[in-house]
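Take a look at the structure below.
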Amino acid sequence: MAGSGGLGGGAGGGQGAGAGQGAALRASRAPMLLVALVLGAYCLCALPGRCPPAARAPAPAPAPSEPSSSVHRPGAPGLPLASGPGRRRFPQALIVGVKKGGTRALLEFLRLHPDVRALGSEPHFFDRCYERGLAWYRSLMPRTLDGQITMEKTPSYFVTREAPRRIHAMSPDTKLIVVVRNPVTRAISDYAQTLSKTPGLPSFRALAFRHGLGPVDTAWSAVRIGLYAQHLDHWLRYFPLSHFLFVSGERLVSDPAGEVGRVQDFLGLKRVVTDKHFYFNATKGFPCLKKAQGGSRPRCLGKSKGRPHPRVPQALVRRLQEFYRPFNRRFYQMTGQDFGWG
């Protein structure tokens, strides 16, 4: 029995010693396992093609004072005042057309007025950049004080199908200015501008008339823009005629103070920009500013303004005049203005 007890005691002692050695062994292996796991994770991340994909570039942040929520109306809740003098507002007035009608000249003339703050470049928000959102659009605008008017001009709006609906969604009270010009001379001026950038352009005849000999090709944008009545018809589905002012591109050259005076009246502004601000540059055939905004010297518009037009045979000019005549007459009826284009 004693032997059995001894044997039992020896076995128990051996098991206790073995358990102690196993625990010690496991304890000694733990740091090694931890090191192996860390090294394994590092190797996985360091192997080519195994790193996490690079984070996408963040979307352009809005201007510091802009809210992150979407905006649907000027002055809507959640649009805090911008820091600094004044605040950025949605435009109360837009020069929406037309290309090569005199929009740049009108904008520069209006910028002489102390109560007009205008964006210098064309933002193309309502035709090309609408997906960026109204908060982004407002962040582009200059700061204005109470009583000042924010403006921008993008002449392609007038011929953009979606523009009237989008502008109405921003504000149904927006005032719309359209500078129009004889559609024949406008088309030739449009062609001259394109030709200056694309020397290998086909002839005016080849573009304006199908196969150079057939009927007028309204698929060519230079021709299609001049169908003012058709474009206006679409705009009138969203805005009443009282929201429009139609400025004569021809009178903007011959009597800039008179046309700018009409615009100031339309915007509810005092007539500050007058004859004293203009002089006629015989070389360019254009009115120039005696004192440009922010300057003390006279200034004419850019070199591209008043560029010579290519010679177009009179027979082609007459065909275009005949083509546009019914559209012009309808435009006169719609606007209540006779622009004298025939």
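Using the three backbone atoms N, Cα and C, a Cβ is placed for every residue, glycine included.
Annotation comment: Swiss-Prot describes 1-31 as topological domain 'Cytoplasmic', evidence class sequence analysis. If you look up Swiss-Prot, you'll see 50-342 marked as topological domain 'Lumenal', on the strength of sequence analysis. Annotated compositional bias 'Low complexity' per Swiss-Prot: 66-85, in sequence order. The annotation substrate binding site is assigned in Swiss-Prot to GLU122, PRO123, HIS124, PHE125, PHE126, ASP127, ARG128, LYS153, THR154, PRO155, SER156, TRP220, SER221. The N-linked glycosylation site annotation in Swiss-Prot covers ASN281, and the record cites sequence analysis as its basis.
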CA-CA, which of the binding-site residues GLU122, PHE126, SER156, SER221 lies nearest the residue listed as 'N-linked glycosylation site'?
GLU122
Count the other Cβ atoms sitting within 10 Å of the Cβ of PHE126 (substrate binding site), across every protein chain shown.
23
Among THR154, SER156, SER221, the binding-site residues in question, whose Cβ has the most other Cβ atoms within 10 Å in this structure?
THR154
Compare all C-alpha positions of GLU122, PRO123, HIS124, PHE125, PHE126, ASP127, ARG128, LYS153, THR154, PRO155, SER156, TRP220, SER221, the record's substrate binders, and send over the largest distance in angstrom.
24
Could you say whether, by DSSP, the residue listed as 'N-linked glycosylation site' belongs to a helix, a strand or a coil region?
strand
Helix, strand or coil at GLU122 (substrate binding site) [DSSP, three-state]:
coil
Using a 10 Å radius around its CB, how many other CB atoms surround ASN281 (N-linked glycosylation site)?
15
Counting across all protein chains shown, how many other Cβ atoms sit within 10 Å of the Cβ of GLU122 (substrate binding site)?
18
